[in-house]
Amino acid sequence: MDISLFKGSEAITAARHEEGWSVPCYKSLLTREDISKNRAKTMAPENSFGASNKSKDVKNATNKITIRQWQILLLLSVSNLVIAACISLQAPFFPREAEEKGASPTIYGFVFGVYELGVFISSPIYGKIISWITPKFLVNAGLFVAGTTTILFGFLDHSPPGTPFIVLAILVRLVEGFGAAAFVTASYTYAAAEFPGRVASAFATIETFFGLGLLLGPTIGGALYQAGGYPLPFVVLGATQLFVEVCSIFILPRPDRNEKPKSGNMFKFLADTGVLLDGLLITTTLVFLGYNSATLEPHLRQFDLQPVVLGTIFMITATIYVITTPVWGWLCDRGFDPKLLAVIGGVMCIVSLILIGPAPFLPFTAELWMVSISLVLCGIGLAAKFVCAFISALNDALKRGFPDDMSTHGLVSALCTICMSIGAFIGPTIGGYLLEHLGYRQSTFILLIMEVSLMILLTLYMIWRKVKLLKENPEKRSPANSSEATPLLSNSKCTTFTQTPELYTCF
């Protein structure tokens with residue numbers, strides 16, 4: 001039994017005597033709230049900075065964001081916006097340029113997809129070694145590689161047509177994926193390391209700018225292409241990345257050389273049902289986004305829309321996603337269960353998938369207002385799933401005993417980046433195939449089944465986790481334990497003490 005708990009209660013009793021309390025037996029007035037506070041002080045595990053995790057979270061949740069943190073957040077946000085814009089900027093004009101060079105739709109489609117292949121290959125490596133080479137190095141190197149390859153991609157119009165153009169385009173795009181993966185992994189790691197107590201809000205802010213970049217990329221690319229031809233969009237965006245890379249050298253904090261680098265165990269990290277479900281949440285988020293990008297336009301042809309209206313409808317999901325992402329991060333930082341929030345987001349996605357087709361079991365056809373509402377719900381739900389899955393994976397890792405340091409942050413960031421690349425690759429790929437062979441309503445119904453199955457699994461996992469917690473802490477099921485501020489035995493003498501996992505009770 002931890003005697004220091006009772007020493008702490010003596011101090012509480014002394015303070016109550018000074019306030020005029022009549023206390024015949026100080027042990028009898030020891031509340032669960034008092035015990036909980038003393039237990040946290042004496043038994044809370046220390047993190048890498050020597051403070052208890054609980055006190056650290058409370059302190060950082062109430063402190064104001066420092067100027068240094070604002071600078072880091074601004075740099076990472078702008079960098080993510082530019083990185084994301086480079087992913088999508090060539091969509092309006094590259095297919096035509098590639099066809100003029102002799103590339104078929106299958107080939108230039110692979111040029112788009114090989115970027116995600118580069119992210120998928122390199123992300124686990126970065127997550128493994130990030131604590132050795134430091135996040136700052138990964139940010140600088142990633143921005144340099146991504147910026148340089150973006151500029152090089154802008155000079156492919158000088159390449160000979162045919163095989164040389166195809167090979168160069170694939171190689172440059174693949175290396176660009178390597179650089180982007182390094183930066184994104186490191187930026188998520190910075191969000192976890194530099195904003196304790198506000199990890200969800202920081203991550204949500206970064207993801208908001210990433211989504212904004214994907215949204216603005218085609219517009220920026222098309223405008224620059226019209227103004228200066230094929231090279232200009234890539235030169236401008238690539239040079240911007242290099243400029244931000246120079247700024248990061250002076251703004252981002254230097255690594256702590258006094259802390260011994262650690263290498264995270266990716267296999268041990270993934271050997272958990274909760275983490276795997278978090279990964280599936282992230283993957284399905286990108287699958288839905290990619291699926292819509294490949295199939296929504298053919299589905300909307302039945303309404304004979306003007307190009308401006310069609311473009312506006314395409315922007316609905318991305319715009320709602322960008323707007324609501326910080327809200328979900330704020331809710332996570334306020335203590336809401338991220339897995340529960342992810343379930344709420346998943347339910348919104350289910351309703352969206354039922355309406356957008358609509359589902360084959362509904363006795364009516366698609367209407368434009370139904371499609372618009374479904375896209376709004378889709379944007380809200382996908383934002384919830386993505387942000388909450390990242391926070392949930394981090395929380396689950398820490399609860400399982402992983403250290404609250406750079407190695408764990410790197411593992412979580414790598415998981416997020418890997419699942420993003422998988423989803424972004426699978427979404428448009430299966431979308432086009434299913435649309436061609438099954439039609440939009442049937443193919444969307446397959447995604448509906450996948451989402452419903454994932455939500456059932458996530459709900460069952462949450463129930464199992466709750467039952468397991470009650471079995472480990474049976475006193476939490478007792479009605480007598482409903483009030484944390486109620487004295488355990490307010491009118492009895494304490495003669496015997498018994499220790500339970502959560503509190504000490506006197507008889």
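Glycine is treated like the rest: Cβ placed from N, Cα and C.
The domain 'Major facilitator superfamily (MFS) profile' annotation in TrEMBL covers 72-467.
The transmembrane segment annotation in TrEMBL covers 72-94 (among others).
Tertiary proximity for the transmembrane segment (106-125) is limited to same-chain residues at least six positions away from its ends with a CB under 8 Å from its CB atoms, namely 87, 94-95, 98-99, 166, 169-170, 173-178, 180-182, 184-185, 266, 414, 417-418, 420-422, 424-425, 428-429. TrEMBL lists 106-125 (among others) with the feature transmembrane segment.
Using a Cβ-Cβ cut-off under 8 Å and counting only residues 6 or more beyond its ends in the same chain, the transmembrane segment (137-156) has close neighbours at 79, 83, 86, 90, 101, 126, 130, 165, 168-169, 172-173, 175-176, 178-187, 190, 230-235, 237-242, 244-245, 248-249, 252. Here TrEMBL flags 137-156 (among others) as transmembrane segment.
Same-chain residues lying 6+ beyond the ends of the transmembrane segment (162-190) with a Cβ under 8 Å from its Cβ atoms: 72, 76, 79-80, 83, 86-87, 98, 101-103, 107-108, 110-112, 114-119, 121-123, 126-127, 130, 135-136, 138-139, 141-150, 152-153, 156, 203, 206, 210, 252, 390, 406, 409-410, 412-414, 416-417, 420-421. For 162-190 (among others), the entry in TrEMBL reads transmembrane segment.
TrEMBL lists 202-225 (among others) with the feature transmembrane segment.
Residues or ranges marked as transmembrane segment by TrEMBL: 231-252 (among others).
What TrEMBL records for 273-293 (among others) is transmembrane segment.
Proximity of distant same-chain residues to the transmembrane segment (305-328), defined by a Cβ-Cβ separation under 8 Å and at least 6 residues beyond the stretch ends, is recorded for 200-201, 204-205, 207-208, 211-212, 214-215, 289, 292, 296-297, 341, 345, 368, 371-372, 375-376, 378-380, 382-384, 386-388. For 305-328 (among others), the entry in TrEMBL reads transmembrane segment.
The annotation transmembrane segment is assigned in TrEMBL to 340-362 (among others).
If you look up TrEMBL, you'll see 368-391 (among others) marked as transmembrane segment. Using a Cβ-Cβ cut-off under 8 Å and counting only residues 6 or more beyond its ends in the same chain, the transmembrane segment (368-391) has close neighbours at 188, 199-200, 203-204, 207, 278-279, 281-282, 284-285, 288-289, 292, 299-300, 303, 305, 313, 316-321, 323-325, 327-329, 332, 338-339, 341-342, 344-349, 351-356, 358, 412, 416.
The annotation transmembrane segment is assigned in TrEMBL to 411-433 (among others). With a threshold of 8 Å between CB atoms, the same-chain residues lying at least 6 positions outside the transmembrane segment (411-433) that come near it are 113, 116-117, 119-120, 123-124, 126-128, 130, 177, 181, 184-189, 192, 264-266, 269-270, 275, 278-280, 282-295, 389-390, 393-394, 397, 402, 443.
What TrEMBL lists as transmembrane segment is 445-464 (among others).
Using the rule of three or more Cβ pairs under 8 Å, pairs at least 6 apart in sequence, the transmembrane segment (273-293) is in contact with the transmembrane segment (445-464). With respect to Cβ pairs under 8 Å, the transmembrane segment (72-94) is most closely packed against 202-225, considering the stretches 202-225, 340-362, 445-464.
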